[in-house]
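Copied from TrEMBL, the annotated features are:
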DOMAIN    A:28-117  domain 'Clp1 N-terminal'
BINDING   A:Glu33, A:Ser131, A:Ser132, A:Gly133, A:Lys134, A:Thr135, A:Thr136  ATP binding site
DOMAIN    A:128-330  domain 'Clp1 P-loop'
DOMAIN    A:336-441  domain 'Clp1 C-terminal'
Amino acid sequence: MATLPGLSDSLQPLDVTSDPDVPQRLAIPLGSEWRVEVPQDSKLQVKILSGIAEIFGTELAIDIEYTFQNTNFSIYAVEATELEWKCLDLANQSISSNTNLKHIYNLHFSLEKLRVSSFEGPRVLIVGESSSGKTTLAKYLCSYAIKFKPYEPVMVNLNPQEGIFSPPGCLSATPISDILDVSSNTWGQSMTSGATQLHSKQPIVKNFGLENISDNRELYMRIIQQLSEVLSNRFQSDPMVRRSGCVIDTPPFSHFSDDFSELHEIIKLFRITAIVVCAHDDNLAVKINDVLMSQTIPIVRVPTSNGVVQVSDVFKRSLQRSAIKDYFYGDLNTVLSPYTIGVDFDMITVWQPRSALNTDSGSEALYLPVETNASNLQHALVAITYAPRRAPVEEVIDAPILGFALIMEVNDTRKKLRILLPVPGRLPDKALILTAYRYLE
Amino acid sequence: GATSKNIQSRNWYLHDAQWIQFKDEEIVSTTRREDDTIT
Ligand SMILES: Nc1ncnc2c1ncn2[C@@H]1O[C@H](COP(=O)(O)OP(=O)(O)OP(=O)(O)O)[C@@H](O)[C@H]1O
Ligand SMILES: [Mg+2]
């Protein structure tokens, strides 16, 4: 499927001179999108005055103020849109009619046809290099699937570098049964103890806990296997989810092994029925087609939007940090109160995945015990498993995840820790897993 | 917009066995209006 240069790019850089307290008016013509980059310490407020406007497939309500921080996105005018916006320092903004929406619509309609004609919805794998628009495409496909019909496609995140309804370091599967939160960099929130303004989701979250899949590929595939099994069981017991299918987002393609083994395994475990390649040209799609010669899975390329913003490591880290913060403290719409407790050193048992940082341990096990001390644990994000505290390591590796805790302070002398818990009460008497992520207030 | 006046916290995630049996229609989404009474 070749790229159509298509519509000429009517890029209009806009005037940035503005009094931050006075809202700016903006008109987006039908079929164009307003692209913005909101730097980390800036706040962009937007209110749609008229028309139909969407962010990556999710429609914005009229006259509601939306707030955006540390994000890059576009507002697309399904119908000519008038909006108001306020921001101290918008890094970049432009309006363009050169979008890849036509390809995304076509793909969505193909998936719709498949949903209508079967009790089993399409299971779509999205691949592509870094910043090729994979996660954005996943948002579109989920949002369009639920727009007019009560489908509940499962959003499967296999990229541990992005937190989707979870902290970073996780692989997750979340039925999308209602709209996404366009202001949230984690697509929205997982369930909280009370009512929320926006719909919360119920993900199944598996902890990988390392920064790169190459840090421990065996563990990565083990976690993927666990996730695929749970999802398969959910498909069996939930007809609505089964007929909706799933959308699977992946790490940048270059993170996979040269021998394509992970790709083969993912296709098998999730019973993939379609592969979508996000790219500027056909090269990757052709390569994958060659590798999968024996399989008859359709491969489609969706051209990368020229509105895509290259994701820097600094930006990635800032997103990971705010995903951790959101897990414990919530966001602007839903403020959460986490809970700090003190525990003694001998009240916890901590494991960590084997990786490049500890290969000299001599052990072959996927997890190694972690000594409780400040050097190992201070400021660390830890996963709390369902496995009992003294469970053997094999049980810990396969145990589901209860949630996360943050180790705020470690006192080696008094042998005490201060831990931040998401839920008030005692520290669950469960095995903990140290992740590679650290969070300082 | 409306602010949630009750104190909330994140829920623990469901166990695999619970999640497998879960139906998303159990997730009730309500919009709090500012004049709602807190139960
Ligand atoms: N049309 C658009 N206009 C403005 N920003 C966009 C557009 N499409 C994508 N972006 C932004 O570009 C960035 C990269 O896109 P995206 O996250 O979808 O890529 P990715 O392939 O998932 O990247 P990674 O490989 O890092 O996971 C994101 O911040 C996204 O919000
Ligand atoms: Mg991505």
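Cβ coordinates come from backbone N, Cα and C, glycine included.
Heads up, TrEMBL stuff is auto-annotated, nobody curated it.
Note on A:Gly133 (ATP binding site): other Cβ atoms within 10 Å of its Cβ, all shown chains, come to 24. Of all residue pairs in A:Glu33, A:Ser131, A:Ser132, A:Gly133, A:Lys134, A:Thr135, A:Thr136, the annotated binders of ATP, the farthest apart have Cα atoms separated by 19 Å.
Between the binding-site residues A:Glu33, A:Ser131, A:Ser132, A:Thr135, the minimum number of other C-beta atoms within 10 Å of a residue's C-beta occurs at A:Ser131. Of all the Cβ atoms in the protein chains shown, 27 others lie within 10 Å of the Cβ of A:Lys134 (ATP binding site).
Residues of the domain 'Clp1 N-terminal' (A:28-117) grouped by DSSP class, helix first, strand second and coil last, total 16 helix, 48 strand, 26 coil.
The Cβ neighbour count for A:Thr136 (ATP binding site), using a 10 Å radius and every protein chain shown, is 26. Helix, strand and coil counts from DSSP across the domain 'Clp1 C-terminal' (A:336-441) read 16 helix, 50 strand, 40 coil.
The secondary structure of A:Ser132 (ATP binding site), as reduced to three states from DSSP, is coil rather than helix or strand. Residues from the binding-site residues list (A:Glu33, A:Ser131, A:Lys134, A:Thr135, A:Thr136) with a C-beta closer than 6 Å to any atom of ligand 2: A:Lys134, A:Thr135.
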